[in-house]
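What TrEMBL says about this one:
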type	residues	note
TRANSMEM	77-97	transmembrane segment
TRANSMEM	109-131	transmembrane segment
TRANSMEM	168-188	transmembrane segment
DOMAIN	172-240	domain 'Sphingomyelin synthase-like'
TRANSMEM	200-217	transmembrane segment
TRANSMEM	223-241	transmembrane segment
REGION	269-290	region 'Disordered'
Amino acid sequence: MTLYIGRESSKLWKRICAEVITEINLLAANWKYLLAGLVCQYIHGLAARGVHYIHRPGPTLQDAGFFLLPELGQDRAYISETLFSFIFLSFVLWTFHPFIFKSKKIYTVLLWCRVLAFLVASQFLRIITFYSTQLPGPNYHCREGSKLARLPPPDSVFEVLLINFPRGVLYGCGDLIFSSHMIFSLVFVRTYQKYGTQRFIKQLAWLLVVIQSFLIVASRKHYTVDVVVAWYTVNLVVFFIDKKLAELPDRTNGAASLLLPLSTKDKDSKTKEENHKLLNGISGDPADRRQRTQVNGKTLDDVNTVHVDATMNGA
């Protein structure tokens, strides 16, 4: 038993090391896209913080979702955040499964480049939307009488740039249309729908997103329109951007050699092999496989063989 565990642990460690090398090579080639995506996440947070300064609390707007769904109340408002955290963390952990499991379909770096592209495009549209019209926030800390509903003018630029994380994110107001929680959830679920392998988890993920939609409205964090707009906007954004981006390689077909750059040793050996083929009269082009004949130490193509034979026979 101890020997078996030791052998399996050794295999797992080798698998992790091999995957780390693969992902590092991919990261070296794609780090600019990941960095740009992360910077855009900060810009999105900065924009959400900025709109809080111009938020003006007022009476809660008439909303069909508020009429149909009972209010959870402040004591149970955490339910929505708990479900969102579960979806978020589950997806993040799944993207790193190639480091552990033998059967794998994705490359972590390439997948996150794609996910960040979806997020950035959706968040760009969101920033334009919530700055166009500021609605009175329906959340408890955004209502009239709350000290957090309006922010005093910042004392310095650094106060704005630091966005008071994480309190500024949790208690923001004014960034309503459309829901940021729904952006992340829909992007994650659509990504797993395409690259995941477990049908049951796909169905469960969609069910959880639907439940989260109702919980967001029931906890009064957003108006119903914020959730509805997110559903069709994010899905359309993912659909069109996914068509524009190059498809991710399927690891089951052994596409790693197409992605990873050749080392200097590999390049030298490949060059020597090609030179050796040329010296022996073998073309590097697979399409050029014509039969060759040697006459007096010279290599001739098969198209000249008939002429050589005729000459040797005195014809």
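The count begins at 1 with the first shown residue.
Note that Cβ sites are derived from N, Cα and C of the backbone, with glycine treated the same way.
Each of 77-97, 109-131, 223-241 was scored by its Cβ pairs under 8 Å to the transmembrane segment (200-217), and the highest score goes to 77-97.
Under 8 Å from some Cβ of the transmembrane segment (109-131) lie the Cβ atoms of residues 23, 26-27, 30, 33-34, 36-38, 40-41, 44, 47-48, 51, 95, 174-178, 180, 183-184, 187-188, 190-191, 195, 229, 233-234, 237-238, 241-242, 245, 248-249, 259, all in the same chain and six or more residues away from its ends. For the transmembrane segment (223-241), same-chain residues at least 6 beyond its ends with a Cβ under 8 Å from one of its own Cβ atoms are 61, 63-66, 117-118, 121-122, 125, 129, 135, 138, 176-179, 182-183, 186-187, 190, 213, 216-217. Mapped onto DSSP classes, the domain 'Sphingomyelin synthase-like' (172-240) shows 53 helix, 0 strand, 16 coil.
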